[in-house]
Amino acid sequence: MSGVTGEKNYLLRLAAVVLTGVLAGLSGMVLAMILHAIQHLAFGYSLDRLIGTESFLQGVTDASWPRRFTAIVAGGAIAGFGWWLLGRYGQKRVSISAAVASPAVPMPAGTTTLHALLQIVTVALGSPLGREVAPREMGALGAGIVARRMGLHDDETRTLIACGAGAGLAAVYNVPLAGALFTLEVMLLSFSWEKTLAAVVTSAVAAWTAALGLGDESQYHFISGALPHAFMWWAIIVSPLLGAAAWLFRQATSAARARVRTNWQMPLFCLLAFTLLAGLSLYFPQLPGNGKGPMQLAIGDGLGLHSALVLLALKAIVILAVLRGGAEGGLLTPGLAVGGLVSLLLSMLWQQLVPGGDAGSFALVGAAAFLAASMQMPLTAVALVMEFTHMDHSYLAPTLLCAAGAFITCRILDGKYRF
């Protein structure tokens, strides 16, 4: 009898894992489609197809200045009033981390869904924050519902919620390996065979499900080149600099978020921040959006020294301004863009002394290291960049070393690492 009971419990958990992956994939696909639909309507591009070949940067660049300005300011109004009203009248939000820590406390479905939709709408209208938190929240929400309906224990529920969050990331960016690593490295902070299998299955199922509607194109277009012998030395030498820059980025974004007030300030400050972004976008159309445009330019050798420097400064300013205003969103792709621009500048200095190599390769490896440090997830960051770009295997060793050096430097500056 005990053997039969154990087998039923195993099949129940397996069904919960697969169902969580399907739900995370569907929610990620729907959110991505909503994002594309709003982007296309707001900026007037690719109106004949939802998943088109024209990028958001191209769409913003080609949009008339009144349309561009109006769309972004509208995003600020929606962000300010939306999150203010949600905080004032909605149920208290339970974050993914809180749900994993206390699985007995469910994430409120209405508040979580509205919170995710606000992120998608505002990013579609030009917010410089990332869209990845929304599908993670919906994946975690779905996992919690599945776990409670199937009567799973608290520890099993905790694991499933973490897997749902990682699967949401896997779905929206088509990164199953990174999604699984994110579950283990960031959400659970532990590795075991059972948790690893659950993370892998949910992320793989979610990515496959979402790809049925979104396709399986890589997020960034990158052509791997032949790396010079000195490239490894660059990766090692600049890693502490990238770690220090990532630490400053973490400190600045945390300080901006800490100053947010959920009163009359939120609608006003959000509107001011997005108006600043809208005004700057008339001259720098690369600024709106989650950072994919600047990162693509950095790894595609599309920026010179002056352009990279100006774009880095302005991108950091608008990210901090929008966070201070109270808008919500992720810092994954924004951090990747900032890291890519910082790395591009460092590579230009390096190539004055040691010529060789294409600037895009330097930017890509450095961006992965910056992301590893800024989000404290070295394995996930390296896997993300691999799956984002389909980079050649020869990039793996310098990327790992650069990420390790940046991560350790950031931990030292945080006072969390001792020799």
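Just so it is clear, glycine is given a Cβ too, placed from its N, Cα and C backbone atoms.
Listed as Cβ neighbours of the transmembrane segment (12-38) (distance under 8 Å, sequence separation of 6 or more from its ends, same chain) are residues 50-52, 116-117, 120-121, 123-125, 131, 134-135, 138-139, 142-143, 146-147, 150, 152, 156, 160, 163-164, 167-168, 170-172, 198, 201-210, 212-214. What TrEMBL records for 12-38 (among others) is transmembrane segment.
Within the same chain, residues 42-43, 63, 93, 111, 114-115, 118, 121-122, 124-127, 262-263, 266-275, 277-279, 281-282, 288, 322, 325-328 sit at least 6 positions outside the transmembrane segment (69-86) and bring their C-beta atoms closer than 8 Å to a C-beta of that stretch. The transmembrane segment annotation in TrEMBL covers 69-86 (among others).
A Cβ distance under 8 Å defines the sequence-distant neighbours of the transmembrane segment (159-184), meaning residues of its chain 6+ beyond its ends; these are 16-17, 20-21, 23-25, 27-29, 31-32, 96, 99-100, 103, 131-132, 134-144, 146-147, 152, 190-191, 194-196, 198-200, 202-211, 214, 216-219, 377, 379-380, 383-384, 386-388. The transmembrane segment feature in TrEMBL is assigned to 159-184 (among others).
Beyond the ends of the transmembrane segment (226-249), by six or more residues, the same chain brings 316, 335, 338-339, 342-343, 346-347, 350, 354, 356-357, 361-362, 365-366, 369-374, 394-395, 397-399, 401-410, 413-414 to within a C-beta distance below 8 angstroms of the stretch. The feature transmembrane segment is assigned by TrEMBL to 226-249 (among others).
The transmembrane segment feature in TrEMBL is assigned to 264-284 (among others).
Residues of the same chain lying 6 or more positions beyond the ends of the transmembrane segment (305-325) and with a Cβ under 8 Å from any Cβ of it are 76, 79-80, 127-129, 249, 252-253, 256-257, 259-260, 266, 269-274, 276-277, 280, 284, 286-287, 291, 294, 297-298, 331, 334, 337-338, 341-342, 344-345, 348. According to TrEMBL, the feature transmembrane segment maps to 305-325 (among others).
Counting only same-chain residues 6+ beyond the ends of the transmembrane segment (331-350), those with a CB under 8 A from a CB of the stretch are 128-132, 234, 238, 241-242, 245-246, 249, 253, 290-295, 298-299, 303, 305, 308-309, 311-312, 315-316, 319, 357, 359, 362-371, 374-375, 384-385. Here TrEMBL flags 331-350 (among others) as transmembrane segment.
For 362-383 (among others), the entry in TrEMBL reads transmembrane segment.
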